[in-house]
Amino acid sequence: MAETRRAEISGAGFAGLVAATALAQRGWQVRVHEKGETLRTEGAGIVLWGNSLQVLDDIGATHDIMSNSMTPPAYETRMDNVIQSQETLDGIRWRTMTRGHLFNSLLLAAREAGVEVKPGSRVVSATADGVLTTADGASTKADLIVGADGVGSAVRDSLGFEVRRERSRDGITRFLVPRRKAELSALEPDTEWDNVIDFWNLDPRVLRVLYTPANDEELYIALMAPAADAEGSRVPIDLDLWTSIFPQLAPVLQDAARIQGRYYGYQTTRVDSWTRGVAALVGDAAHAMCPALAQGAGCAMQNAYTLAVAATAASDDELPAALAGWERLERPYTDRCQDRSQEYADTRAMSQGNQFTGESVETALYEPTDPHRHEKASA
Ligand code: FAD
Ligand code: 5PR
């Protein structure tokens, strides 16, 4: 019988936990190093699409995900509070939830698959032939190394990958607050407050609130402003400014104003290559993107999953070539998603509504667990 193969993973984020689970379910012995002392995720809410939901189906996390998430009736876009579109997204699977819920579901799946997750273990370097070193000085030899350690990846930087970073002019502060549906309905009775509502104002001032119900009790709101707008990008938020522009959201803006918050400038990062020897990068370590298409975590999970499948199919000798082949097949989808997300962020074109058609839904409709996906695409 072949010896059990060993994978060492840096980072217990969405990418690291999916790679770990998918590998363990295919017979690998897997350890995930997480630099944080506690296992948790930062941030507020998240939207997932068919591509990542299919990965969650395959790793067995869907039942738990469904228990506390929702599919809003429509994705509505407003300009100056005038409805531009209400897209029902027919034929597209999508789900909103808190990031905490997604994280807990993934952690549960990882543990059920027998993954060892080690908090308080910071990775300092990795080599192309499979040695991972942590801050306590311990070095481990593995058959596969996965750098899933986010936009500041130590695995990536220690391996000498070249990173290109582009910043966009806008950024966002995100909050998780109570739904307050009755209070919102009292202010605007005709509004469907279960919808995602993307409230845009461009003139005279660029300010936007993306309103995303995450479940019956919790609401994810993201407040966008240009980095150059000191008041708009201030945390905690300037309540008078935001309620003057979005008076119909006053009840939930008041809750947001009590939270410290953090302003994130949009950025896109690209690396020359995703693999070197038996080391591979996934998630923000390889491809941080603007959130416009809500696919950063989606692409992270999709690539983590397909990496696990590709690595399992290869023998030890073949692994470096198999990883390079994985990048060749999968990367174009992520590259295009990054480009489109950046384009949307730079042009603010989402303010026009009617956006979930054609090329912009390529990633949402991608099927990473379908073994025949590439033949179908080239047919
Ligand atoms: P991370 O989530 O950054 O996880 C990396 C992990 O590695 C962390 O736990 C970190 O502590 C750990 N780590 C770092 N360094 C080390 C080290 N040296 N050793 C050990 N551990 C280490 N995506 C969506 O799909 N939908 C959305 O709606 C969405 N909204 C977004 C909104 C905003 C404003 C932003 C900024 C992003 C959004 N994204 C969204 C993108 C998404 O959050 C990221 O793409 C995703 O979290 C990336 O996952 P990851 O696992 O690669 O990295
Ligand atoms: N969609 C989602 C999101 O969280 C953001 C954006 C779009 C779900 C920002 O956080 O365009 O910035 C966006």
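We count from 1, first residue shown onward.
For all residues, glycine too, the Cβ spot is worked out from N, Cα and C.
No curator has checked TrEMBL annotations; they are predicted automatically.
In TrEMBL this protein carries:
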COMPBIAS  349-360  compositional bias 'Polar residues'
COMPBIAS  369-379  compositional bias 'Basic and acidic residues'
DOMAIN    9-310  domain 'FAD-binding'
REGION    338-379  region 'Disordered'
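Only residues 6 or more beyond the boundaries of the compositional bias 'Polar residues' (349-360), in the same chain, are considered here, and those with a CB under 8 A from a CB of the stretch are 75, 77, 79, 84-85, 87, 89, 92, 198, 200, 202, 208, 292-293, 336, 340, 343. Note on the domain 'FAD-binding' (9-310): mean pLDDT across this stretch is 97.
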